[in-house]
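Asker: TrEMBL lists 31-72 with the feature compositional bias 'Acidic residues'. If you look up TrEMBL, you'll see 317-395 marked as domain 'Anaphase-promoting complex subunit 4-like WD40'. Annotation comment: TrEMBL describes 1-72 as region 'Disordered'. The feature repeat 'WD' is assigned by TrEMBL to 79-121, 122-163, 217-244, 346-387, 388-426.
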Amino acid sequence: MEPAEGPGALGFHGDEEIIEVLELGPPGPDDLADEMEDVDFEDEEPDGPAWETEDDNDDEEEGGGTDGMEAQDDSEVTFGLHSASVFCVSLDPKTNTLAVTGGEDDKAFVWRLSDGELLFECTGHKDSVTCAGFSHDSVFVATGDMSGLIKVWRVDAKEEVWSFEVGDLEWMEWHPQAHVLLAGTADGNSWMWKIPGGDCKTFQGPACPATCGRILPDGKRAVVGYEDGTMRIWDLKQGTSLHVLKGQDGHQDPLTCVASNQDGSLILTGSVDCHAKLVNSATGKVVCVFRMESAAPKAPAGEGEEAESNSVESLGFCNVMPLAAVGYLDGTLAIYDLSTQTLRHKCQHESGIVQLLWEESSAVVYTCSLDGAVRLWDARSGKLISEYRGHSAEILDFAINKDASVVVTTSGDHQAKVFCVQRPDR
């Protein structure tokens with residue numbers, strides 16, 4: 001894929017797998033099972049090697065930049081082993097010292113955040129690796145490619161322990177408390193496996209792609225969104241659907257993303273129809289619909305031009321205040337107040353938002369966008385706190401460590417980067 005030329009180039013977004021990768025984040029809540037065995041990360045010391053600076057690379061990188069993206073590089077470490085766009089990143093939840101990245105080069109790598117050192121390559125994929133993530137206790141790492149080949153590796157032994165082939169892969173997620181993997185495919189099925197044993201269960205959706213999915217924090221239910229605008233809440237143990245939202249309750253267009261709040265009582269779904277729906281997970285009832293009017297009146301499309309499309313690309317709940325954030329392809333970040341169900345702030349980006357993440361213990365929301373920047377926003381005031389640059393193409397995915405001191409990004413410029421977040425207020 002060519003890097004997007006400047007902010008207006010949204011053409012690559014027709015590529016469905018990129019939209020799907022966005023919802024992958026580090027696995028769920030923090031109350032992880034204590035009895036899980038410790039993982040040996042090969043003498044990884046928390047205060048390991050000093051952060052490498054990027055000064056040595058500046059000269060090479062300046063020439064390679066996409067027009068309009070300056071050669072400013074705020075990153076501390078660059079991981080450069082991918083030879084094409086890097087689609088996904090996830091951090092190991094237990095120690096936050098390792099990253100896994102997957103790319104268009106059909107490769108996935110597990111590497112160290114402190115110095116970008118390769119731990120091992122997840123070999124054998126036959127198509128773009130669009131999903132990658134660690135189990136809740138960092139014992140296993142799973143990688144999935146677009147063709148539907150999923151592999152699981154044991155991190156300390158650096159060896160493959162399981163693999164399985166499904167239909168075209170849309171999304172993949174680990175269970176928040178167990179060695180269980182869930183994935184959604186283009187045929188409408190969702191799959192659940194025990195790892196490494198491989199016991200398998202399928203959840204049959206409508207005959208269209210299962211475009212996004214999330215295991216709820218209780219670990220007993222999952223919410224899955226589909227291309228036909230419907231959403232189902234599944235009972236993972238029984239294999240039955242508890243609630244189906246369709247018609248007026250569903251979306252008019254494909255679902256792009258889904259999230260739940262910390263206790264799993266509320267679900268937020270986002271769609272190409274530009275609506276975000278707040279759903280009570282116990283009753284399956286829609287609590288309210290957040291609709292976004294376009295930020296600017298649309299100029300009529302000239303001859304041969306397409307009217308600019310908009311859609312919900314990413315969303316999430318704040319853990320410390322009753323707020324939700326919704327990111328749109330037109331560059332709008334909307335902060336909604338859940339207690340009054342009203343729009344609280346609109347934060348405008350110059351180009352489309354690819355993904356957003358909330359800091360775990362504050363009202364700060366992070367966005368990454370097609371202009372290659374990561375931005376931190378104060379959701380209480382709606383003000384920009386800071387921005388970090390370093391990529392010469394769009395950012396396709398990003399992850400934050402637990403204490404929100406490090407952001408790891410992946411980009412169409414074939415690189416993954418590690419940024420240290422400096423916050424004067426902390």
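Just so you know, glycine gets a Cβ as well, placed from its N, Cα and C.
Unlike curated records, TrEMBL annotations are generated automatically.
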Asker: Using a cut-off of under 8 Å between C-beta atoms, tell me which stretch among 79-121, 122-163, 217-244 contacts the repeat 'WD' (388-426) the most.
Answerer: 79-121
Asker: Do you know the DSSP helix, strand and coil residue counts for the repeat 'WD' (388-426)?
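Answerer: The composition, in the requested order, is 0 helix, 18 strand, 21 coil.
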Asker: Counting only residues 6 or more past its boundaries, what in the same chain has a CB within less than 8 Å of a CB in the repeat 'WD' (217-244)?
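Answerer: Non-local partners: 28-29, 175-178, 182, 184, 188, 190, 192, 201-203, 205-206, 208-211, 250-258, 260, 262-264, 267, 269, 271, 273, 279, 281, 283-284.
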Asker: What average pLDDT does the predicted model assign to the domain 'Anaphase-promoting complex subunit 4-like WD40' (317-395)?
Answerer: 97
Asker: For the repeat 'WD' (122-163), what does DSSP give as the number of helix, strand and coil residues?
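Answerer: Taking each residue of the repeat 'WD' (122-163) in turn, the totals are 0 helix, 24 strand, 18 coil.
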